[in-house]
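See below for the structure under consideration.
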Amino acid sequence: MKDSRIKNFPISFFSVIMGLAGYTIATQKTESLFNLFKLSNYIAYTNLTLFIIISALYIIKTAVFSNEVKYDLNHPVKMAFVPTISIAMLLLSISFLEISSNISRVLFFIGAPLHLILSLITITKWIQHPKFQIQHFNPAWFVPILGNLLVPIAGVKFINKEILWFFFSIGIVFWVPFLSILLYRVIFHNNLSEKLMPTLFILLAPPSVAFVSYMKLVENIDNFAKVLYSFALFTLLLIVFQYNLFTKIKFYLSWWAYIFPLSSFSIASYLVFSKTKFVFYKYTFIIIFIVVSVLTIIIAIKTLRAIFNKEICIEEE
């Protein structure tokens, strides 16, 4: 039974680390704004421990069930989650910037080059695929692109900005056509499956993360920065208007797709408030952070319950 659960251990488990890391960073901003107790430190170390455990389990799966891992690498949905390994490292690096520069540095110098490699591998597989159809395209395909936008945020204290512009350019240029393809797919073809429906929230992440990344590079709010944040705000409103799509979805691990995008938007709102002092952004940050906090608790409880009830790491239908 244990071997069976390791065999079916999903690569998407790293999205838990992404969600918790995003929430950690948003919590840090809340603590800074209101001068609160540093609860984020405990969340960060807990998340790092979870990352080590999840990584160890996936390494075991790779060693014992290599064919299953190869299947993940060639699956039209699962392959997009492979770069979540490096994205988790980059987000952990960001969350540790204010806690331990040494831990942050190590995570960055492993995560950044690893993400470039995984991005190249994933995009190459997309280009050279023998059987992908438009129906296979879904918001999870944004994940490899998203990681490149995180590199400048994590690396601004460690490497030259010229290198960081390289990663930012990859993310921002790929995001635009991918958004067009996704809109074509959801408008003119069948709806996403119930399991993938929560991944629609991933659409909120690229403009939000791009805004924060761009701010780290230019250190000032210019018109392009305003465009990025404003489009992120519109994307959030558009997703809220689709609430009926999310109200009756049963629990899947994909629910963690709610957390990181919302956290990234709350962080962007905090940053734009810190630069403009416009109170609208402050209350936007507070409201979104409260929503993310409630969702994180609910989803964490549901995840633990699913693990103990053996509803995760099972053979897919």
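Glycine is treated like the rest: Cβ placed from N, Cα and C.
As recorded in TrEMBL:
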TRANSMEM  42-60  transmembrane segment
TRANSMEM  80-100  transmembrane segment
TRANSMEM  106-127  transmembrane segment
TRANSMEM  139-159  transmembrane segment
TRANSMEM  165-184  transmembrane segment
TRANSMEM  196-215  transmembrane segment
TRANSMEM  227-246  transmembrane segment
TRANSMEM  253-273  transmembrane segment
TRANSMEM  279-301  transmembrane segment
Checklist entry - Excluding the flanking five residues on each side, which residues at least 6 beyond the ends of the transmembrane segment (139-159) place their CB within less than 8 Å of a CB in that stretch? => result 77, 80-84, 86-87, 90-91, 93-94, 97, 101, 104-105, 107-109, 111-112, 115-116, 118-119, 122-123, 126, 165, 167-168, 170-172, 174-175, 178, 182, 192, 196, 199-203, 205-206, 209-210, 212-213, 216-217, 257
Item to check | Closest-packing stretch to the transmembrane segment (253-273), where packing means Cβ pairs under 8 Å, from 80-100, 106-127, 279-301 | outcome: 279-301
